[in-house]
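Asker: Please read through the structure below; I'll follow up with questions.
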């Protein structure tokens, strides 16, 4: 792959669109200092993705846009495009099919930067990835600009490693590793979030499981309710069907009467149709006779009109003949006048034609003379251009020499300043200040160490307090969880008991309403007025039985005399009066505290603790008395009753009420315990927060002290290193000052020689200007004569055009008159033909009108006869009309009778429709149950009634309402949540597997990176050891790793020029550093040659011998690498196969100019001599 062309527009000093081609393997870019050569290298780095304005020699990214000059305004955007020849397929993948690759970047002053690959907009990352592994990039080893040499040699070990990584092609591996690590972080975060979600879903699943069980019970009851509703609808449909059967018989009777009345109506309608047929015949006869009467009248009118028309035609034809004769006389006169005008215009045409021919001959002569004059002017213009080119060449030579003088003077100025700085540096190199500074740092380090020890002890104390607080929080949390669990168990038990109690104490709504209708507004039951001694609840419940559900009233007097019947079941009332006497100790009443009169119910019931005691006590009691035990065993004379534990709806009501009270008190105790545990937990959490804040502050202080201590140690080491290096630097600076003095003397000689060359160029320019002025004068005179010839030729052409227009006008007028004469002749012929036709018409209508008058009289007589026949026919038609009216009246009477019967039938039918509509409505309601009537009838009991089924539905509704709030979506939500839990578990497993896969991928990348980096390091090291002595003519250099870990190790360069023993590469001179850097770059290029290499004045610090060796190496490697070199050196220019010149003839604006190789070498030699 080769860089074939760069297109610059608006970039720095290249304001105009400028293509820079690179057709050869070595291209040298030449030009004076400051003309914009280095901007080409900045453009290449910028389009490859450079985002730092500092590395583009600017303050901001907007600085790359042309900011204007003395004669030019700033532009709004900059654009750079690189065109690569990819015929060898270096860029693979999706770009392998393209023989040319285009990379373009543009930016506007708003800072919006846009990238394009082969004309398609893309990201900066896409451009960077295209060049990964190729050795190309904004900061790769393929671009060596001014200052890069020193940065490369003085680079830190980790920075130098980056160049080897790019050469090894593992920059792509590192990018993939970073991407894989990012994905691993994302995966771990996803796992943490997924674990939280899984825990939350499991908690919700447990809660929904209970709700789904209740919802399932609700669905069962609703299904039974739907079945009963469907059966009730079928019962109602059967009742409606019976009603429709009776109505059908009534409708049949009414239809029979309607049919008889319809027969009478049809007979009258048949008579009416006969009469209407007769009426139609009479009407048609009247119409026929009336038509004959109207036809005769029309014939009479036509005869009279024909007589009038014949007379009018004779008068019209005579008048038209007279008008035509007048028009013929006018046409003859106009034809004579037009013939005279035509003859006049033809004579003018004959006079103009000779004048036109003469003018055409004069124009031909003038055109030949003008061509000769133009050739003379072109010759003089070419001569002027030649002199102008000579002057421009002389000016360019003067500019080159001036630029060279400026460059040499700048170099001398810099060398003198460097010499002065070296002298100052040598004077400042002393060890005393460094030693004092080292003592200060040592004392500071001891103080920091003491501070770190004290802070570590404080941190240990805070950690101890934090652990105590965490243990306290854990204990409080356990206490809170236990209290919540106990509260939940108590609440669940209490809710269950309350539900059972409400169910046991629930009363029939109809019975309750009946009680209210008797005047008891708030019915209370006996059980609500009892307080039973613990342990005797079951005995009291069995003994009182239904009396527990009895309604308490103020008085029973007159209560049942209101005449309101009990709807169903049974009811009992007890008056709220005080008991008359205290009960006996052995009576069951002694176990009960109440204000109700229960003596009549329980006076004969006694108590005993055991069955044996009961039997003993019973023997001493009179007949009618009984004994009951706490377990509910009831003994009487000659009888005994025993109940199961769950017998009766009321069983356990009193016992449950006691337990409910106890649980309510216990629930309050749990709430107090939870509040105390929460308060304890909050206090512990506040202590934890405070300790963590103190620990964070202590850690921050400790870390800061550690950083300060490390900084102090680094400063100590730096001072020690500086003291060690002082002597070595002094020796190096002494040698460098000697080299500078020698270079300054050579520069001064070069300036003198360049000034002489500049004077010669100025003389050549003055001579060219004098010759150019003479040539310009001759050219201006010839151009003036050329203008005069052109004016004369224009005048002749204008006269010739005027003559042509006159001739054309006369010819056109003659032709127009000829056409007018032809039109007049045609009009004359038409009028003569029309006169002949009119003459024939007059002969035709000149006869008598007697025949038409006879025909009119005959038609008048015939009309009188037809009028008599018409009168007779109209009389017969009137008689038929009278008969139709009589029959219409009879038909109307018949229709009224039919309408009355039909209305009666419709009423019955409407009732049938209503019944059917009610049945359809019931049928539609039944359709909502997705069952057919027949299916319900098959399962419907024969004893089923609407009232019974309505009662059953109310019972089911009560059971459903007792279930309380139902989450019907719980079943589906439970299933969906279970599926989601399964999905989350699978996803958790997938993420865990993906994390393992990513870890394996990183290990594989690390193995490949180590292998490739080691191979590259060894090969580049071998290349450096081979190229360094070749460029230096001896000596040695090699690379060295700073660590054993191939993934993290840095790289250092060790170089020793021939005859020197330098232990630090920073002590090398500028030329030695440049050659060392070139050796390293070329060693890298031998291993992994980038498509091209850009070198910006790398040869500037080299002497002639080193430049020669440098150029030999360029030629050798140019077969594999394309070199683009910015240089001022003659030897380097000679090595190039193509030269590109950059000039700044217009201040602030760079342009590309064609450079002659021979001229460039001459200028370079002149520059070298000076």
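Cβ atoms here come from the backbone N, Cα and C positions, even for glycine.
Straight from TrEMBL, here's the annotation block:
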- 32, 33, 34, 35, 36, 37, 38, 39: ATP binding site (BINDING)
- 170-211: coiled coil (COILED)
- 314-500: coiled coil (COILED)
- 653-904: coiled coil (COILED)
- 3-1150: domain 'RecF/RecN/SMC N-terminal' (DOMAIN)
- 526-576: domain 'SMC hinge' (DOMAIN)
Asker: In the structure shown, which of the binding-site residues 33, 38 has the fewest Cβ neighbours within 10 Å?
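Answerer: Counting other Cβ atoms within 10 Å of each of the binding-site residues 33, 38 gives the minimum at 33.
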Asker: Reduced to three states, what secondary structure does DSSP give residue 37 (ATP binding site)?
Answerer: helix
Asker: Find the average pLDDT over the coiled coil (314-500) in the predicted model and report it.
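Answerer: Overall, the coiled coil (314-500) comes to a mean pLDDT of 75.
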Asker: Around the Cβ of residue 36 (ATP binding site), how many other Cβ atoms lie within 10 Å? Please give the count over every shown protein chain.
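Answerer: 23, counting other Cβ atoms within 10 Å of residue 36 (ATP binding site).
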Asker: Applying the rule Cβ within 8 Å of the centroid of the Cβ atoms of 32, 33, 34, 35, 36, 37, 38, 39, what extra residues of the same chain belong around the ATP site?
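Answerer: Sorted by sequence, the hits are 13, 31, 1142, 1144, 1150.
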Asker: Taking every protein chain shown into account, which of the binding-site residues 32, 34 has the largest tally of Cβ atoms within 10 Å of its Cβ?
Answerer: 32
Asker: Helix, strand or coil for residue 32 (ATP binding site)? Use DSSP.
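Answerer: It is coil.
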Asker: Give me the count of other Cβ atoms within 10 A of the Cβ belonging to residue 39 (ATP binding site).
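Answerer: Its Cβ has 20 other Cβ atoms within 10 Å.
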Asker: List, in sequence order, the same-chain residues at least six positions removed whose CB sits under 8 Å from that of residue 37 (ATP binding site)?
Answerer: 29, 30, 31, 1096, 1126, 1142
Asker: Taking 10 A as the limit, how many CB atoms besides its own sit near the CB of residue 35 (ATP binding site)?
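Answerer: The Cβ of residue 35 (ATP binding site) has 21 Cβ neighbours within 10 Å.
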